[in-house]
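Student: Found this in TrEMBL, in case it helps:
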- 477-491: compositional bias 'Acidic residues' (COMPBIAS)
- 2-145: domain 'SPX' (DOMAIN)
- 441-464: region 'Disordered' (REGION)
- 476-497: region 'Disordered' (REGION)
- 252-270: transmembrane segment (TRANSMEM)
- 282-305: transmembrane segment (TRANSMEM)
- 317-334: transmembrane segment (TRANSMEM)
- 379-401: transmembrane segment (TRANSMEM)
- 413-431: transmembrane segment (TRANSMEM)
- 516-541: transmembrane segment (TRANSMEM)
- 547-567: transmembrane segment (TRANSMEM)
- 579-601: transmembrane segment (TRANSMEM)
- 607-628: transmembrane segment (TRANSMEM)
- 672-699: transmembrane segment (TRANSMEM)
Amino acid sequence: MVNFGKRLMAEQVEEWKEYYINYKLMKKKVKQYVQQNRTNGKDRQQVLKEFSRILDDEIEKVVLFILEQQGQLASQIQELESQRAAILETSDISLVSKLRESYREVGRDLLKLLRFVEMNATGIRKILKKFDKQFGHKFTDYYVSTRSNHPYSLLQQVFKQVGIGAVVGALSRNLAFLQEREGSYLSIYDHPTAIVKDPVIGQINASVNKLTHSTNFLEFLGHHALIVPEDANIQGPTEDYAGDETYHFMSLLLNLANTFLYMVNTYIIVPTADDYSVSLGAAATVCGVIIGSMAVAQVFSSVYFSAWSNKSYFRPLVFSSIVLFMGNLLYALAYDLNSLTVLLLGRVLCGLGSARAVNRRYISDCVPLKIRLQASAGFVSASALGMACGPALAGILQVKFKIYSLTFNQNTLPGWIMAVSWLLYLIWLWISFKEPARDNTGDCDASQNNSTSHHGDNSDMENGLNQPLLLDTKERDDEDIEECDDSEEGSNDSRRPANSIGEAYRLLTPSVKVQLLIYFMLKYAMEILLSESSVITNYYFKWSTSTVSVFLAILGLTVLPVNAIVGSYITRLFEDRQILLGSEILVLIGILLSFKVTSYYSEPQYITSALITFVAAEVLEGVNLSLLSRVMSSRLAQGTFNGGLLSTEAGTLARVVADATITLAGNLGQSLLLNVTLLPSLFICIASLIATVCTFNSLY
């Protein structure tokens, strides 16, 4: 694993060397300030001002060079445009091709400049993060609020490249025009690539999008899975450590199928859980316990499945399928046994079979980087489709018949259907799954993360480039000394994954804690909405099971189109932190609209508030996990106790608390159920909003 300082030295353009930020100097300054603070308690405000001045000078140097290079690129394009008119008057296709190649050369120069900007932007983020760690997370807030929000901000010039966008536009227009012009002279048989978009423009657009926090639908979906960290695009073509030899398409498909079936299993009982509990002699609000018991078990299963995936993927998936088959069988048999205990035991077993940690880990470790984005989006899409298909399937199981002494009705059929599904899945898994090879060069063994001679975990994108073979001895010694106190780029101990929940918790900065609080809040609000929907709609509107199923299915189907809009358009207009704050406000509005404040509670009010809450929470989840991947320590990007597990635990705990709240509130009567369960959502949402505002500038 190579620290950023060494990577910066290895990748910088030699003739531009003097214009990069002096990352090494700034790290020395941070270390010096720490030592001074320990010995003589140097004034904190003075330190902030001194280091701000140093960083201002470095950023100004970078920005002025960027502007100079942009001017040169613009001049080159102007010169080419003056040649273009004369060349296009002729019918000499060779001149047109030569002109097109000249434009491509400008594009390659622009790519080099974008790489320069990206490396400096990463260095700025890292030095801010390093300073925060040493001085209590105060500097980024101070620096961003005074520099980034200023109308003459140099910092924004590094992260939001308006000038570069204009150069990209000019290049794209001219290359497209020349491509069409060239095509008018040539047959597709003579030049079959003429109709293809120029690849250099695609590379430039990808670099600009990454630099400006823009994204696309696939990337936005990928962030939901917390599989694609921010620095994924830094990797070069030789750095895809999960090679083709470890990748097996059918195994990936089986992991996605597991994700889909598990989400169907989770939500297929939601429309009928209240009716099932009543049929067993319990109150309708006991549905909260029935639904939540699966989440309780998942709190524990997520940990052992995450640990198990360090050694195998096949065995935990087999275990998951068997446990889920047994759990659904018990859930179906509980009706004829007239036993609420058997029913709850079945749901607990279903929760113990949650292998989402394995599904996520397989994509992170064993899917090549070139398709990992699509696989991550597939993971989220499978979850979303399962969430929609579960209630929809429950809606069509409105039949009742008996075979011998077994009853098949809307309450038991979800259990029977899922039991058969998991049995068929187990057979498919046994026949088709291929366990990835685990050797010294592969990345599918997380235990190898502690060895610097290996490439490290695939999900650790932050330090992906190989260490240069030859470094000046004194320079290497200096770097080693400087890195000894850096928990993200330092010694083996400081780079190793967290070995326990407690150790992982100690790595959480205030920004990460706020993101986990937001994740808890949105999962709590969504679980309250979904789990009590059948009880609320039956009490106020007399909705049937089929109507509730259709309503929940429609909510689930909004996930993909909403994320497509946000990922393709909204993220191009606003920063992630702005979308985060706006989404939280919308969730708050949805919760407030859900309250019953008059004697009459209408269907339009319920449906509107539910849509606002659910859609805003879905948008919030994507941007929340995107920010979480940026602000968390790189040590939480690998190993058993990783960021994905922490977010899963936070979300699962939220579901447990929400379902328990529904059952407890049911003791007060169904007339009070809605408002009583919404109050905790309201308070948690307000708390997360306050926490977001307090850490807003650190989410940069």
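Keep in mind that glycine also has a Cβ here, set from the backbone N, Cα and C atoms.
In TrEMBL, annotation is done automatically, which means it is predicted and not curated.
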Student: Using a Cβ cut-off under 8 Å, which residues of the same chain at least 6 positions beyond either end of the transmembrane segment (282-305) come close to it?
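Tutor: Counting only partners 6 or more residues beyond its ends, the transmembrane segment (282-305) has Cβ contacts under 8 Å with 266, 269-270, 273-276, 316, 320, 340, 343-344, 347-358, 501, 531-532, 534-535, 538, 640, 645, 648-649, 652-653, 655-656, 658-663, 665-667, 670, 673.
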Student: How about long-range neighbours of the transmembrane segment (413-431): same chain, 6 or more residues beyond its ends, C-beta under 8 Å?
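Tutor: Counting only partners 6 or more residues beyond its ends, the transmembrane segment (413-431) has Cβ contacts under 8 Å with 254, 257-258, 261, 264-265, 268-269, 272, 314, 317-318, 321-322, 324-325, 328-334, 346, 393-394, 397, 399.
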Student: Thinking of Cβ pairs under 8 Å, which stretch from 252-270, 317-334, 379-401, 547-567 has the most of them with the transmembrane segment (607-628)?
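Tutor: Result: 547-567.
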Student: What parts of the chain pack near the transmembrane segment (379-401), using Cβ distances under 8 Å and only residues at least 6 beyond its ends?
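Tutor: Non-local partners: 221-222, 224-225, 227, 255-257, 259-272, 359-360, 363, 407-410, 413-414, 417, 545-546, 548-557, 559-560, 563.
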Student: Looking only at the domain 'SPX' (2-145), what is the mean pLDDT?
Tutor: 81
